[in-house]
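Step one of this worksheet: look at the structure below.
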Amino acid sequence: MLIKIPKKSELSENQVTQESVYLQRRQLLRGMGFIGAGTLISSALSSTAHGGVFDLFKKEEKPVFPLKGLSYSALADAENFPEKLTPEAKVTSHNNFYEFGAQKHQPAELAQGFKVNPWQLKISGEVDKPMTLDYDRLFSTIALEERIYRLRCVEAWSMVIPWVGFPLAKLLKMVQPNSRAKYVAFETLHDPEQMPGQSSRRLGGGIAYPYVEGLRIDEAMNPLTLLSVGLYGKTLPPQNGAPIRLVVPWKYGFKSIKSIVGIKLLEKQPPTTWNLLAPHEYGFYANVNPEVAHPRWSQASERRITTGGLLARNRIETLPFNGYGEQVAGLYKGMDLRTFY
Amino acid sequence: MLTTKVFWLKLLIHLGALLPLVNLYYLALSDQLTADPVEAVIHFTGIGALNLLLLTLLVSPLSKVSRQGFLMKTRRLLGLYAFTYALLHLLNFLFFEVQFDIALFVGEIVKRPYMTVGMAAFVILLLLALTSFDKVKRRMGKSWQKLHNYSYLAVVLAGVHFYWSVKSEIIEPGIYLLLTLALLSLRRDKFRRWFKRKG
């Protein structure tokens, strides 16, 4: 056996490992269930893994994405909203945003250095007045308002979130869709350097990037359909889709595409990421429907993520169109929602 | 000397299996375990069960190769912890995910193939745990070994259950399936003998 004694001047292996790689490895281990009781101790000690014992007392300095307060017309009766809001800390730490890791805690950890300014959102296609919005104009072109919506994930959990944004319809009216515009396609930023899930199959869950989504034009023009630039009164954190994302509250969460750089109006139905990956599991419409089960999850009920730990009794019945049937059921008159799921 | 070795090894297994659970449920009950503690406890116990099953399968080849026969004395304990984790995995689903909606619980197990497969693996583990006592083993005679050979099927079913349960991130479950195949391939002579006898 070869025993190598390193010289003092040589770097030890843990010193040359990038922190991001080091953290990813920990996440993999945690995901595999290897890190349990040790987690508490090791997270307290993690700074010492890089340096000397004295670093134990030094605060770990991680970049935190800066959030700004927004001015918007607040919901008049927000306090009397019938459902309890999901705590902000949970909304911003439980995210399906595979560009920053396929596990729900990863986006909050891996997205903090994300750069949203400068940003360009290009609206093009079958429109008379194509337009490009830069970062500042995302917040200033159309008056912002607050909307409290239920968000229902296809995995059968849900949240209640106070978004800040503007109706997509107002933006679309500005670009003046022509008569051929029947669908609206959306695209997420493709930047593998900033979005580690796009360059690593393991982190990114093996889906195709950039993420794409789509709506029929009448769905896009529905007053409920929101382009969100903030939540809880502040700009969006990157894990929630900064600087601008879609929110379609009567559809499963994956329709609400994040960090949008392109909106294109089309004559034909655009491809959508999850539908391309598993068409028998994820349809184009993805309307919340308690009657139509996903192959792996019943959709009849859901767990509302609020406060309270393991013992919170929070399983509730799922409503058709996530409770927004009054406003949207008309869009699907005559359609068999088992076929067009 | 030998008994002390076994004692310490068993103590290590007890601590290694129990402490993570204490930590897990403490954090989950106090709402400190991710934004969705329900999902977290289900995943942790499920993957923990699979880890322990693979460790159990590793015992016999490891003791043969290293010629440390005393290792075999830890196999039952590891197997019982694998069952314990699998039981908690199932109870977590019943208590915290479907929250005692028995109709939904049974419905999901019957309707979702990946759950049916997982349940099959659990039933095997349950039978193995119930027959793990020395008294039962003696009384069962030859059929004991026959029954306990189903652990190979259980680990394959558990791996398939995991693979089938994910949305698209198949690398981790893929690694588990490869490890399973590697551990089973160490027993290829045994499998060959069975097939010869039947064929």
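The count begins at 1 with the first shown residue.
Cβ coordinates are placed from backbone N, Cα and C, and glycine is handled just like the others.
A TrEMBL annotation is a machine prediction, not a hand-curated record.
All protein chains considered, the CB of A:GLU99 (Mo-molybdopterin binding site) has 32 other CB atoms within 10 Å. Annotated Mo-molybdopterin binding site per TrEMBL: A:ASN95, A:TYR98, A:GLU99, A:CYS153, A:THR188, A:ASN240, A:ARG245, A:SER256, A:ILE257, A:LYS258, in sequence order.
Per TrEMBL, domain 'Oxidoreductase molybdopterin-binding' is recorded for A:116-274.
Long-range C-beta contacts of A:THR188 (Mo-molybdopterin binding site), restricted to its own chain and to partners at least six residues apart, with a cutoff below 8 Å, comprise A:GLU99, A:TYR209, A:PRO210, A:TYR211, A:VAL212, A:ILE257, A:LYS258, A:SER259, A:ILE260, A:VAL261.
DSSP classifies A:GLU99 (Mo-molybdopterin binding site) as helix under the three-state reduction.
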